[in-house]
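The following features are taken from Swiss-Prot:
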- 4-48: repeat 'WD 1' (REPEAT)
- 93-132: repeat 'WD 3' (REPEAT)
- 139-188: repeat 'WD 4' (REPEAT)
- 221-259: repeat 'WD 5' (REPEAT)
- 322-361: repeat 'WD 7' (REPEAT)
- 772-807: repeat 'TPR 1' (REPEAT)
- 869-904: repeat 'TPR 2' (REPEAT)
- 906-934: repeat 'TPR 3' (REPEAT)
- 1010-1043: repeat 'TPR 5' (REPEAT)
- 1123-1156: repeat 'TPR 7' (REPEAT)
- 1189-1222: repeat 'TPR 8' (REPEAT)
- 1376-1409: repeat 'TPR 9' (REPEAT)
- 1434-1462: region 'Disordered' (REGION)
- 1438-1447: compositional bias 'Basic and acidic residues' (COMPBIAS)
- 1448-1462: compositional bias 'Acidic residues' (COMPBIAS)
Amino acid sequence: MALYYDHQIEAPDAAGSPSFISWHPVHPFLAVAYISTTSTGSVDIYLEQGECVPDTHVERPFRVASLCWHPTRLVLAVGWETGEVTVFNKQDKEQHTMPLTHTADITVLRWSPSGNCLLSGDRLGVLLLWRLDQRGRVQGTPLLKHEYGKHLTHCIFRLPPPGEDLVQLAKAAVSGDEKALDMFNWKKSSSGSLLKMGSHEGLLFFVSLMDGTVHYVDEKGKTTQVVSADSTIQMLFYMEKREALVVVTENLRLSLYTVPPEGKAEEVMKVKLSGKTGRRADIALIEGSLLVMAVGEAALRFWDIERGENYILSPDEKFGFEKGENMNCVCYCKVKGLLAAGTDRGRVAMWRKVPDFLGSPGAEGKDRWALQTPTELQGNITQIQWGSRKNLLAVNSVISVAILSERAMSSHFHQQVAAMQVSPSLLNVCFLSTGVAHSLRTDMHISGVFATKDAVAVWNGRQVAIFELSGAAIRSAGTFLCETPVLAMHEENVYTVESNRVQVRTWQGTVKQLLLFSETEGNPCFLDICGNFLVVGTDLAHFKSFDLSRREAKAHCSCRSLAELVPGVGGIASLRCSSSGSTISILPSKADNSPDSKICFYDVEMDTVTVFDFKTGQIDRRETLSFNEQETNKSHLFVDEGLKNYVPVNHFWDQSEPRLFVCEAVQETPRSQPQSANGQPQDGRAGPAADVLILSFFISEEHGFLLHESFPRPATSHSLLGMEVPYYYFTRKPEEADREDEVEPGCHHIPQMVSRRPLRDFVGLEDCDKATRDAMLHFSFFVTIGDMDEAFKSIKLIKSEAVWENMARMCVKTQRLDVAKVCLGNMGHARGARALREAEQEPELEARVAVLATQLGMLEDAEQLYRKCKRHDLLNKFYQAAGRWQEALQVAEHHDRVHLRSTYHRYAGHLEASADCSRALSYYEKSDTHRFEVPRMLSEDLPSLELYVNKMKDKTLWRWWAQYLESQGEMDAALHYYELARDHFSLVRIHCFQGNVQKAAQIANETGNLAASYHLARQYESQEEVGQAVHFYTRAQAFKNAIRLCKENGLDDQLMNLALLSSPEDMIEAARYYEEKGVQMDRAVMLYHKAGHFSKALELAFATQQFVALQLIAEDLDETSDPALLARCSDFFIEHSQYERAVELLLAARKYQEALQLCLGQNMSITEEMAEKMTVAKDSSDLPEESRRELLEQIADCCMRQGSYHLATKKYTQAGNKLKAMRALLKSGDTEKITFFASVSRQKEIYIMAANYLQSLDWRKEPEIMKNIIGFYTKGRALDLLAGFYDACAQVEIDEYQNYDKAHGALTEAYKCLAKAKAKSPLDQETRLAQLQSRMALVKRFIQARRTYTEDPKESIKQCELLLEEPDLDSTIRIGDVYGFLVEHYVRKEEYQTAYRFLEEMRRRLPLANMSYYVSPQAVDAVHRGLGLPLPRTVPEQVRHNSMEDARELDEEVVEEADDDP
């Protein structure tokens, strides 16, 4: 809660009357313009408490016309009535006069948004733009000049678009971008001079003239008329969000214009505002689009531009306003959300904007503003203005100027005395023990208060005043000067602070004792007294406690540093001590002085500190060790997540119970409550309840920190004041102080500014004696720690039913139903005990507790519990039982739609019982029970019922009314309503009753109504008209009756059709009828077949040789049919050469061998479907496992013969024969499946078969195939085959790529594999190894020869010539490569004769080879030219490629292996 202190400015004696006031936007400096009786004008600057700033007086012999502060610097522009413009630099105490260009009153004076330019305009219409330096001096000539010829009234700047980057514009301008150049240089215009200024300065503005026109000046300095109003413009605003211009004229016409960047305005809205005209209105645009007007009336008028809504705010007389008090001026502080208005009676009215999370859901209009306590000044307030970053309020009342600053309202509670500040110099003192309240007015602005049972102390930082109760009045007991920021009292002592000490004084100020603190400990700045103990906190986060029980204060604990006990904290925000002095609670602040979510508890005796974090609900117990280290023990206190994420702001100890502690916590980030569709909070709590909590705890050395109670702070209370069993005490909001009839539930009102609420355990026991109070405290403590035995011991001697009822109520809070049963028993509350026993079936604990709360009359708790556990069905019933029907309907409509109709129905019954038939009728309709409930309800009022029936046009109601008329014998009228209801059965029934059978038949035929047709058929049967009876029985689908008539009357043709339309039982009866007659046996067979009686149908078909019917029957047979029937039918199809159908029937009969033999015998292809049907499940009892495998292999063999390799593979696999499956898969040639099958089979033979197959493919171009070949040979342990593959790879590298290095590597791998292989013939293995080693040596020699060529060409050539002499060289190395190497060498040496010799030798050894394949054509040409020989012709190459031959050999090997495998 806050108060506004008013400070009158210290104006010079000769200053005169204040005419203008202007706050600096940032700094707390207020400029005030005066006009004296001699028309002399002056300006002075003042500080926030009204002190005049020295050397800031500016005076001229003419009056001030306008004032304007620089946006950031301490530079003030002053416009005078002569046209002079003075710029005063407060920092340098300099005055700079602008060049005298204006010759009339300065009516417009504005700084540009950046502060680099000053815009001035006068009464003659001259508009100038000046550039100024940082000290306020003019730089050159005016940058812009326009002469409009008429009185300038307003000017507003338009901020540039946010997307324009100055750096990017500069780069673009340097690059020659014309648009960028234009933005950096304003060109010459017809009406203005050159302006060298960029649009980033914000130099886009609007100016208005006295004739009602508005002109727009763009970034080029061009002026354009954009608005022409019908009267003088009173106020001009620019809405940045919508890029729109708001114009309000003298006759209160509002116009809204959208203004695009090019400046062409378009009017989008025009309205006439309500209000008194003929005088100047003060208008403000707040919240972006809300217009507030003070027009000299007793109310503020609002117009929401976005929504098009309007409303008014009027001051309330109960706040001290007078009737007929008018509002002159208005101003809004966005930071504080405060709207201030000045009245003609010297009062400042304030409305605070209600935050969304505190306001009522969906609050709009005036409900969003809460009237605050006004500030009373003197005179007629003509101007009011918020300013500076401190959000100070300046008020001009013509005779004086006052500065209002906000300060927190002081309050204190101690020893059953509460003192509450209600105005800057007025206290409300309540003696709670007697209920007597006093008003105490002081001659100072109070900054602090301390109350005891004997006296009240107030101070303002410079003076201390002590007041004591004397009889029925409060009188002064002492006053003394003392600059103490804090103060405390105990008995006859006053404790004040100064640098590094606490002074113990008498009431008259005499110092009796000094409590000293060292410089390292800091200056005392916090004091608190509880019981006989004083605790002191310093600005360096040290604290110390003193025992005051003796004549002099003695140290109770040594001075401790909070930073050492709890590393990471910043400072101390506040501290308190328990009544026994054993525990000190401290609210720390963070390093940046922001509120911390932690609270610290220091145990004086154990020298330990416990830190509780409200944000996480975690308790951290730290034990201080002798060597300055700490041990920590962490645990969690809060189970309810809703209690986390709070920050403590107030904390108190009970003044007599040292274990009881209470604190007030606010939500860390206030948020809007989730709301249901009907606008109500989902958890049922009000806004303040969700964001401010009161939490009480039991704190003991043995059991630690225990949560006792938590509840939302009462909505009528402002803050927690303290606690003393059995009450919590709160300060009341000023607007709630006089509302005696609106006390918060559970709170008891004390006159004036204090309210109290009993502790949860003391509801109903507020006036109990001390013994009962102590017993209750013990009980509450033991219940909190869960020791129920000790809890009951503490109250076993208490016989009061009120105590047990209170215990039961406490069980609702603690949700201890076991204890509640005992309490209900002691209370003799049988109904409650029964309800609690019946509620045990509910799964949610909260729902069961809610039943207990309901029985105890704690309806609000029950409601909250139902909401908490989201049992909206029970909440709905609760509301219904409580008669809160509107809430029940809301819950049903938004959360319990399952019971919506039943809720509507019960509410309608309630309304009916209340004789509200019209509304009851409406809710019966909503519940969809009106068709029988409304006729019942209106049965005594037949005319109304008939009107209702005709109005509703409902078939059910028409039928009900027709039945009523029929019961009254009004047949014609009944027929009319039956016809409206389209009740064809009733129509036919009445027509038959009246003997009009033809009409009844016509209705039945036209409508096809089954009941009508049946009724008419019965009528015809009774009249022995069999044909008509059968016809209408058929239309009624009563086929049994129709069949009966046909059988009785020999209507065999109709019988067949009716039987086919009827049920299987009727078909069988009809078939027996035909069978017994012995004629038309085909019909009997068909009916048996259609009825599903296949055995009888087959028997009859065979007996009567009906083969066509037999085929139709066989088509419907499946595996569920009788195997004997299936076999008999299959034989029939075999006899008639229908083998496929026979196979299907054999398979359905599970005769798999016969079916397979039939396929083989008739050379039938086995399809996949047939193969699947022949496959017996593994766990089937039809065949043994061995027979099942044999059958599968036979199926697979058959598939192999018919070429279905994939199917064969599948069946071999199912039979467990993977080798045969692999052979089948190899025949299919499906490489992907072969690779996959080999990978998953994990059999050596299969790996080898797969690798052999893959070698037959083009593995040279597919690296993946080569990888699989190597992998399969390796997994199959076929190292000899793998060696052969590596050998083939080496040959490919030589033949196709001439890559002898890779060839050597492949031969090496081949050698390794062959060396590891287990050969059948060691001799053959040794021979192969020797061959491989020989080939490897040759290849290595050739590689070495080519590598050494660059270092030693002679040795390299020599090695090549030796290679040519090796026998069988061609089987390893291509001879042509060696010859080519030699030829190339000799060509480079220009030894053409030797080169030619090697060419000729190569031709002899390779007669069919193409020389260009080994020797480049250039080298051959060079040889022939060098020797003068003719050039040779190229011969096509015919070279054997070993790799291709190897591939053919591998292919043959795979085929041989596949054929040889068993």
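Going from the start of the chain as shown, residues are counted 1 onward.
A Cβ is built for glycine as well, from the same backbone N, Cα and C atoms used for every other residue.
Over the repeat 'TPR 5' (1010-1043) the predicted model carries a mean pLDDT of 84. A Cβ distance under 8 Å defines the sequence-distant neighbours of the repeat 'TPR 3' (906-934), meaning residues of its chain 6+ beyond its ends; these are 880, 883, 885, 888-889, 945, 948, 952, 954, 956-957, 960.
The DSSP breakdown of the repeat 'TPR 3' (906-934), given as helix, strand and coil counts, is 23 helix, 0 strand, 6 coil. In the repeat 'TPR 8' (1189-1222), the DSSP tally of helix, strand and coil residues is 29 helix, 0 strand, 5 coil. Within the chain carrying the repeat 'WD 7' (322-361), a Cβ under 8 angstroms from the stretch's Cβ atoms is held by residues 4, 282-284, 286-287, 292-300, 313, 315, 367-386, 391, 393, 395, 397, 404, 406, 670-673, 675, 679-681, 687-688, 690-691, all 6 or more beyond its ends.
Outside the repeat 'WD 1' (4-48) by six or more residues, the chain places 56-64, 66-69, 71-72, 74, 76, 78, 80-81, 88, 90, 348, 350, 375, 377, 383, 385-390, 392-396, 398-407, 424, 445 with a CB less than 8 A from a CB of the stretch.
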